[in-house]
């Protein structure tokens, strides 16, 4: 079977990179629709406008309405068509970037993204998640290509809430363990076919970077400063994890995250916070070594990620709720079926309870 790997056309990262955005956009197109968070425009609109103007680029800067819905995509497509814009750039959080990618897909033009937080690995992916105008999940929009350009301004990331960086570490934490599991079962990745050795090595390097730099990066972002550790964690959260999950494979950890959405108490937690607990559940499913479990729990605890159900605000009626989580995690088509040998609802239910107990024991010592 053929193997494949995919990634953005170009990845740029550095302090104050947004000031140089126009230079990076210029080779792609000379007329841009800029879609940005209202919050981002509040502190960066002048920087964006000056950067593109200095590069000789025409632009319209529009505020994202807050929901990545088909209605919002259609509105922005109409603006791009009316003004003859030949490329799209999204600046802000995940929904803004997903919207920009979707608009570019329907307009059949290049897309660039500039994430202002490092809370997930989504910016580099060939995927947009669409919701209804009311905020309910609608569908996945699988895109034919990854963004042509990803630009991350680490000075902006450093000023974002520290919890967002921790959530990105939680999302990135799954990359190696899910890629390892998917590789063992020869599961097809989003790139097509089993993982390449390059993708697996990127996934492993992502995990090693989190272990080495995670706690130091959290201290940096708490102080709102850019350090070498923060630079490396931003790259791990955004690029290494982005390429790693898409071309390395996904397995139980993200399926457990999806299962946890069945429990109302978890709805206010970030994606990566729930994924981090999903990693512990996957390791319990795999009967991972005590050393590996301790290593993962130590990292999670150091950066403020949950390792028990109580830390996800699940404290009552646990057996019933975990049964619902296990059933949803094992739904047909879920990525948990990429686990070697397959898994059952009973096995996932047991792993959820064991992971919680392991986390509790860790916190006692």
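In case you wondered, yes, glycine gets a Cβ from its N, Cα and C as well.
As given in Swiss-Prot:
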- 37, 94, 95, 116, 119, 125, 127, 131: NAD(+) binding site (BINDING)
- 121, 254: glycerol binding site (BINDING)
- 171, 254, 271: Zn(2+) binding site (BINDING)
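Here the binding-site residues are 95, 254, 271; the one with the fewest Cβ atoms within 10 Å of its Cβ is 271. Residue 94 (NAD(+) binding site) has a Cβ environment of 20 other Cβ atoms inside 10 Å. Its Cβ taken as reference, residue 119 (NAD(+) binding site) is surrounded by 27 other Cβ atoms within 10 Å in the chains shown.
Between the C-alpha atoms of residue 94 (NAD(+) binding site) and residue 121 (glycerol binding site), the distance comes to 9 Å. Of the recorded residues, residue 271 (Zn(2+) binding site) and residue 125 (NAD(+) binding site) place their C-alpha atoms 16 Å from one another. The binding-site residues near residue 254 (glycerol binding site), taking a 10 angstroms Cα-Cα threshold over the set 95, 116, 131, 171, are 171. Summary of the Zn(2+) site environment: with the site residues 171, 254, 271 set aside, the chain residues having Cβ atoms within 8 Å of the Cβ mean position are 120, 121, 170, 174, 253, 257, 272, 274, 275, 278.
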